[in-house]
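Trainee: The active site, nucleophile annotation in TrEMBL covers A:H208. Taken from TrEMBL, the feature substrate binding site applies to A:W106, A:E116, A:D136, A:K138, A:199-210.
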Number of protein chains: 2
Amino acid sequence: VTGHSGEGTDAVVILEKTPFQEEKISDLLEKHTKLELQMSNDIYSTYHLYPPPELNQIKTTVVYPATEKHLQKYLRQEVHLIRETWEDYETVTLPFIQSQSFSIQWVYNILEKKAEADRIIHENPDPCNGFVLVPDFKWNQNQLDDLYLIALVHRREIKSLRDLTAEHLPLLKNILQEGKEAIAKRFGVAGSQLRIYLHYQPSYYHLHVHFTALGYDAPGSSVERAHLLADVIDNLALDSEYYQKRALTFALRADELLFKKFQEAGRV
Amino acid sequence: VTGHSGEGTDAVVILEKTPFQEEKISDLLEKHTKLELQMSNDIYSTYHLYPPPELNQIKTTVVYPATEKHLQKYLRQEVHLIRETWEDYETVTLPFIQSQSFSIQWVYNILEKKAEADRIIHENPDPCNGFVLVPDFKWNQNQLDDLYLIALVHRREIKSLRDLTAEHLPLLKNILQEGKEAIAKRFGVAGSQLRIYLHYQPSYYHLHVHFTALGYDAPGSSVERAHLLADVIDNLALDSEYYQKRALTFALRADELLFKKFQEAGRV
């Protein structure tokens, strides 16, 4: 992405390399394509291949004239990992969460059946150990490849992973077990083909669990944000205060307010 | 990925489109590059751009001769999660690893400077707590966006995460600390912009650590395979036998031999 300024008018130009088309692979390998050896070790070797332009086009999108909002949307933000100790949580993150007034009315609307009631896939109505399972907004339910559901717990005082102790094991085990069963029943996807995890930091501070298709490279499923529910359960069973002891890693963009709070605390 | 059979000997050929190099973007846009309009609507338009081959190379990796295992590794397959207890490890996984003779000669070649000696970014030569840091085969070093390096430990008896105890903390801390420093020095990428992790299961059973650019959605960086080195260090500091107690989750393709072993053991 590049912003080019000429005569006071900006443009956004997006260049994208697209996936290979299967039927053109043999052309790529057989046509007179220059091949340059880079490295060779035992049975492994790497090359640079220079295919003819018509076999290797680049998708180009132009926004012109582009407004300030277009430019912002496409500007890259630097991202940094934070290693948050429990003390950091108490002195930086928790005050930040409490100072924010993130509205989670949409969560309460679902739990109270004021919205999306017809979308509920499964509910355990127990006020302490129960939850509601709904398709995530990101999933259109047209295909199972990018299956994505969310379990929202009925209890309202659990903000995140940081609040969990062995007291919450019955709730977490219900979500793992009943969530798998409900998805197998409704969508025919086996529990062994689901990635079931929490985010830390989450995008809203009401405890929820993500269910995504294992074959789907879902955003937020990488190791610096996702925590497998099965791991969380085992960690709590080993040590009830595991998540009040252990440092946790997460990524923040440099323009986020929480990042600034960590900077001010001298922790970045 | 394609397997090509000629005269009874198979090869694996991997073609990859690599990220753009920032300093070559203006060449791409300014050189006499053919531009073909696809669609135009208001301020938005899309094109096909046909750059000259030298500005648009394709990374090519060849494994030749390739064994049946290499072919298997790259064919698309149904994937399932396994939740491996320590008992599963001892009765299923470990006997499987020991029965395999996956050659890791290429690792020893690097450690002994018989191959890739000029590619070494950093070495701590200590036979017990030392390691060698090299660019991964998957990274062509042309741009930092997909930065990928591997630390290979000098000790040869540590197969994976499952073998680690508090005894290995000095080695792991060296890798974390010196790896970050060496990458900052050579490539100018800060430690907070690196995802540093182990795989479980690894693709070869000689302990190694992955360093990838945080902004790069590297294959194998998702929660069902990656374990942050900082988390591993903290877990071992809390409990030296953490990785001999805790169940670990990983994904296996349905055609893998280890998957069949878990099936035979009634664990899938």
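The backbone N, Cα and C atoms fix where each Cβ goes, and this holds for glycine too.
Could you give the neighbours, burial and distances for every feature on this list?
Mentor: Secondary structure at A:H208 (active site, nucleophile), taken from DSSP and collapsed to helix, strand or coil, is strand. Remark: A:H208 (active site, nucleophile) has A:V107, A:I150, A:A151, A:L152, A:V153, A:L198, A:P202 as non-local neighbours, by Cβ distance under 8 Å and separation of at least 6 in sequence.
Neighbour density for A:L207 (substrate binding site): within 10 A of its CB lie 26 other CB atoms from the protein chains shown.
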Trainee: How would DSSP class A:W106 (substrate binding site) in three states?
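Mentor: In three-state terms, A:W106 (substrate binding site) counts as helix.
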Trainee: Using a 10 angstroms cut-off on Cβ to Cβ distances, just flag whichever of A:W106, A:Y205 is the loneliest among these binding-site residues.
Mentor: A:W106
Trainee: Given a 10 Å Cβ-Cβ cut-off, pick out the one of the binding-site residues A:Q201, A:S203 that has the most other Cβ atoms nearby.
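Mentor: Answer by Cβ density within 10 Å: A:Q201.
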Trainee: State the three-class DSSP label for A:S203 (substrate binding site), counting H, G and I as helix, E and B as strand, and everything else as coil.
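Mentor: DSSP assigns A:S203 (substrate binding site) to coil.
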Trainee: Specify the count of other C-beta atoms within 10 Å of the C-beta of A:D136 (substrate binding site).
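Mentor: The answer is 16 other Cβ atoms.
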